Amino acid sequence: MENHQPLLEQLMTTHAGPGFEGAVRDVIVPHLRSYAQAVQVDVMGNVVAQVAGCGEGRRPRVLLAAHMDEIALVVARIEAGGFLRVVQTGGFDPRTLVGQEVVVHARGGDLLAVVGSKPPHLTAPEERGKAAPLSDLYLDLAMPESAVRERVRIGDRVTLSRDVYLLRNRRLAGKSLDNRASIAILLETLHRLQQLIHQADVYAVATVQEEVGLRGAQTVGFAVQPDVAIAIDVTFGAFPGQAADESFALDAGPAISFGPNLHRKVFQRLVDVAERHRIPYQIELSQTPVGADANAFQVAGPGLAAALVGIPIRYMHTSVETGSYADIEQCARLLAHYIAELDMAQVEDLSCY
Amino acid sequence: MKEWIVRLAAEIAPSGSEGRITSVLLDAVQDIADETHMDALGNAIATKRGEGPHVMIAAHMDEPGVMVIDIDDDGFLRVIPTGGLTASEAAFRQVAFTNGTVGLVCLEDGEKRPEQFEQLFVDIGAKHRQEAESRAFIGLGGVLGTGVADIGNGRLLGRALDNRVGCAIALHAFRELAQLGRYVSVVFTAQNAPGARAAQAAAFALEPDLAIVVDGVPASDVPGGKRTALKLGAGPAFKVMDAGTVAPLSVKQLIEDAADALGLTLQYEVWPGGRSDTGAIQLTREGILAAGISYPVHTAGAAEALVDLADVEATLRLLVAAVQTFGQ
Amino acid sequence: MLLKTLSEAFGPTGFEDDVRNVIRGELDGRVDEMNTDVLGNLIAVKGAKKPGPKVMLDAHMDEVGLMIVQICDGGAESGLLKFRALGGIDPRVLVSKPVLIGPDRIPGVIGAKPVHLQAPEERQKPIPMDKLYIDIGAKDAADAKAVVKPGDAAVFATRYAEFGDRAAKGKSFDDRVGCALLVEAMQTEVPYPLYGAFTVQEEIGLRGARAAAYQIQPDIAIALEGTVCFDVVGAPSHGQSTVFGKGPALTVQDAQTIADRRFAEFMWETAKRHGIPVQWRRVKGGSNDFGAIHRVGKGIVGGSISVPVRYIHAPTQVVSLDDVENAGRLLRAVLQEIAEGSFTL
Ligand SMILES: [Zn+2]
Ligand SMILES: [Zn+2]
């Protein structure tokens, strides 16, 4: 197999919000099976794939996690006329939803809907200057109310509908590149690891419910209690008007995060590995606990050595998230080499301050 | 059931001061439980060993209230909220403290509208600090609102119905399931109102195979009602999501199957602003299968609530049926 | 003096090394063992095998600080440093303060446009953090980059001094006061297992304490803290939180904890019995490590003993040395009464 880009494109058009990750899980599991000795799904729905390392005795245990959920909506009310009101599971900017096509995952099957808004002709000038809150938006199924009530129930999940667009320079755009890009990194890493000798036992995990509060990471971190827990998640691509320390160039390699809630020795090691293998990288600074699974990992159970890497994407949490497959490959190289070089001496050093 | 609800609602149990209701609840299950105890955070726990997977039934027993935080030279008290009570809800109402002292929540002279607790003081009629200190102390908990009224047509209204109703349901379900020989625990949780702070400790200790949480949820069949799509009197609701949990589909299926078997119509709760114990339990240890079953109320999370007894009965039947369906 | 050394040590949240080393030096040979965990918590142990309740004492080593995020290049900004807060800092306290940056303690000052050049409406408003810079005297970006890099942490360059009537001023009394009390407490003899957890990352969410409590799984835990004190001109009784010089404060409720009433009363009664001044902390806002500790595992009994600190989280904090001393006396009395079985679990 050349690379996992076709799989990434498939994942980006598959639908899986917090708490209903099944469809994406079903796509991922066979691919994980091709690399792992054992693949399990836990109570929360996290997928844990184990790839054993070489060597006798105690081996390093490293957890690599990418969340497989995407930001989604939930049907909260059915209004007169059959229009749906929705609430968030994950952080949409309601302004990006106006005019958006979405999929309502109903019991009898998926239904297409359009997020409705008042046409400009009917909008008062002062209204046009204001952004509509989510509570003012509605989903239009173009069906009579009775048909809607028959098919749709309160609590049904809604996700964005968007094809993948292949842009120039191996860049691709679509929905849920956050965080399917990192699922691709996970698989690309396992692929590269097959060509390397590694002592570490690898737990490759696709986590659930990240977008509603790092929930899958909390429980899987507790369950596995690895020596090192690395979250793979996207970060902000450079774009005009953003602060310099919150902007990372596309095609300039993965961002490696540094800050109080990440283990500084794991960070340093990742940087060293990148330097040695001439892998381009960028450094992301955080002052507060990061908004990614690594945050939950650090305080799971007795506390874990946590790290965060990921590729920059533009237009995060919209249906046109844009990133570069070249960055995905560089991130996978970084992780594969990091894992291949991880040994027990390093693990023991993690508790030395 | 109604008698139990009224009896439990009579207890004053602001978050963190659940002591008295704890004994009432544990006394009520003592005869049938193998063991009962109170844990470090104030949860009241009873277990009956038996057949099948271990199911934990949970209902919070605390209610939002206030706590004395300062006593001044003139004998006036200052209070802070425990739980989500706002200053405007507390102002101009009677407060009943756990030690029997009653007072009136007043707004400082010159303030127009009660917006913050700093503007409020409690008058217990004391003439000076010394007298106040003989009847109140810093840390004393209290609640607002009046006792339960039976307003006819099967509906009750009053203080702490959210979640003494849940406690009554959990109590009955536990007794029923214990009698049926099931392996079941009931946890009357403490400190839910300030943000589900205690339920996870009980779940951590019990490690159940399934947890079902019973709590009130706002029905929105009221003027301007938008918080949920639920109706009072239309039956129990399955919690699809709230601020602390998203239900796994397997759990949803379990509850739906139980409802179908009973021929009971299920409502669906989507309440982004709510925070029950469900999420706290779900995220304990390696993750615990957790379901929320809610009975609709008018004004959830406030001092007083209005409930429909038909919903209460149906919630109990659904809960028992769900436990029996589980693991079969 | 230990409080002076600890107060002047460099320990912004996530960068507690200097403080940890001071404490390790103090306790070396005086406890049975000392370990660091993967987060950087330092855990000192005495009598792990003894019978009786396992008691955990907690003090956090970290302080609020700053992180350099950018070295400006080009234009008038060239060589100036942009920064963000590590922990809760009110931007209003920052302007015109000296700081020390990074492992080499490079001095710098936080500057802003002179008041003369500010428009009248600008003068009315606090200067937001992204309009402030640290000036280390660099000629340009290259000059600055020779000694500072993005990611370096910084602290206020405040010196410890005693002044007034039995008072001390310095930085980071929150929570170096607690660290000093804990160092002292670990040297007392008790007939039960005693764990001293010097924790990291309290200021960004009580993170170190949570992991430490999970590892220790104590029966009783007590957090030692610095807490808000605002008993100054114009503050009514209910707005003070604590009164300076009136002794250590006990908590009934804060933002993260509703106190275990039995344990709070036990500590209060202990203070009274031993003739130690004590007061209730009279405010809901704020929190300490016990807020995380008590929710760990099956739930943990305990509370906190706090020393009133005026201007907490500001560059210069003020404590009463009597309060510090009385907090130490109360802690010793509580440990002794636990040994005597005055508190039953
Ligand atoms: Zn994400
Ligand atoms: Zn502190």
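Placement of Cβ uses the backbone N, Cα and C atoms for every residue, glycine included.
According to TrEMBL, the Zn(2+) 1 binding site annotation covers B:HIS60, B:ASP162, B:ASP215. What TrEMBL records for B:ASP162 is Zn(2+) 2 binding site.
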Residues that sit under 8 angstroms from B:HIS60 (Zn(2+) 1 binding site) by C-beta distance, when 6+ apart in the chain: B:ASN163, B:GLY166, B:CYS167, B:PHE188, B:THR189, B:ALA190, B:ASN192, B:ALA193, B:ALA196, B:ALA199, B:ASP215, B:SER276, B:ASP277
Shell of the Zn(2+) 1 site beyond B:HIS60, B:ASP162, B:ASP215, same chain only (C-beta within 8 angstroms of their C-beta centre): B:ALA59, B:ASN163, B:GLY166, B:ASN192, B:VAL214, B:GLY216, B:SER276, B:ALA300
Local backbone state of B:HIS60 (Zn(2+) 1 binding site), from DSSP in three classes: strand
Secondary-structure category, per DSSP, in which B:ASP162 (Zn(2+) 1 binding site) falls: helix
C-beta crowding around B:ASP162 (Zn(2+) 1 binding site), within 10 angstroms: 29
Protein Cβ atoms within 10 Å of B:ASP215 (Zn(2+) 1 binding site), excluding its own: 29
For B:ASP215 (Zn(2+) 1 binding site), the three-state class that DSSP assigns: strand
